[in-house]
Amino acid sequence: MGMLRAGLCPGLTEETVQLLRGRKIKTVADLAAADLEEVAQKCGLSYKALVALRRVLLAQFSAFPLNGADLYEELKTSTAILSTGIGSLDKLLDAGLYTGEVTEIVGGPGSGKTQVCLCVAANVAHSLQQNVLYVDSNGGMTASRLLQLLQARTQDEEKQASALQRIQVVRSFDIFRMLDMLQDLRGTIAQQEATSSGAVKVVIVDSVTAVVAPLLGGQQREGLALMMQLARELKILARDLGVAVVVTNHLTRDWDGRRFKPALGRSWSFVPSTRILLDVTEGAGTLGSSQRTVCLTKSPRQPTGLQEMIDIGTLGTEEQSPELPGKQT
């Protein structure tokens, strides 16, 4: 359910919102589950007013059936397609990143996941002039590379500075800080949409594995619950607030050690709507080759198995979409 904010419904003032937040009641779900008598006493609010407020919010946020035609019309008016700035990748993703969806980039160390994320951030901020939130959880984000990508797009220093201002970077090295940050972001985006100010259109999390993997396995039973809470926050951002969410994930070996698969297990596999795999191109030559094969492994629109090739060494400097030998179509 949505974040509590002034004007969400009649009677919900800014003062009431702040008092409720002081009791850690930030969402409609929090208010629905709260003991209103206790809240009224501790916040100094009217019990009857809180009951009426909860009744209105539950009616407003409860699920009502919709037919397919209405859902399709809503989809057409609420969905935007954002170019990644990489022509071959846009082709693979059926024109680009879709708002309302979580897109996952999977690859091993050095496969270019962060480079692709930086290119997406630079293109959305400069070419599309939309705001981006870049959540760095592994220390891979570098401002110098981001500036280099922007310089390849424009020589105008004012435009470069303007694009950099549209990219907000948050460093979050544990899941608890990341969850708090995403919950606060929900309220911020909702408020920005209400005031028609520039809201964040793309959220990039690089990477989810860095904060989730240490919590899984062994006797840490809360790890799976925290991972699914993170998944829920990302899905709410995407679907309810019209944001395109991009996450990166690592590769891990299968149980028999013969094959590689995305990390975080089967439960996480249902989170992204679209998943692409970055891999070093076979026969690329030297160990430091920048040629990468991009394979579509999950998509609601395209057949899986489609492949394209990108050069992470030239991202942002020129559009390259070389033919991939044996490419599936």
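Cβ coordinates are placed from backbone N, Cα and C, and glycine is handled just like the others.
Note that the structure is predicted; figures quoted are calculated from it, not measured.
Per Swiss-Prot, these features apply:
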- 1-83: region 'preferentially binds ssDNA' (REGION)
- 4-77: region 'Interaction with XRCC2' (REGION)
- 77-328: region 'Interaction with RAD51C' (REGION)
- Gly107, Gly108, Pro109, Gly110, Ser111, Gly112, Lys113, Thr114: ATP binding site (BINDING)
What DSSP gives for Lys113 (ATP binding site), in three states, is helix
Those same-chain residues, other than Gly107, Gly108, Pro109, Gly110, Ser111, Gly112, Lys113, Thr114, found with Cβ within 8 Å of the centroid of the ATP-site Cβ atoms are Leu278
For the binding-site residues Gly107, Gly110, Ser111, Gly112, Lys113, the largest set of other C-beta atoms within 10 Å encircles the C-beta of Lys113
Within 10 Å, the Cβ with the most other Cβ atoms among the binding-site residues Gly108, Pro109 is that of Gly108
Cβ-Cβ distance under 8 Å, sequence separation of 6 or more, same chain as Thr114 (ATP binding site); the residues meeting this, in order, are Gly140, Met141, Asp206, Thr248
In three-state DSSP terms, Gly108 (ATP binding site) is classed as coil
Grouping DSSP H, G, I as helix and E, B as strand, the residues of the region 'Interaction with XRCC2' (4-77) number 48 helix, 1 strand, 25 coil
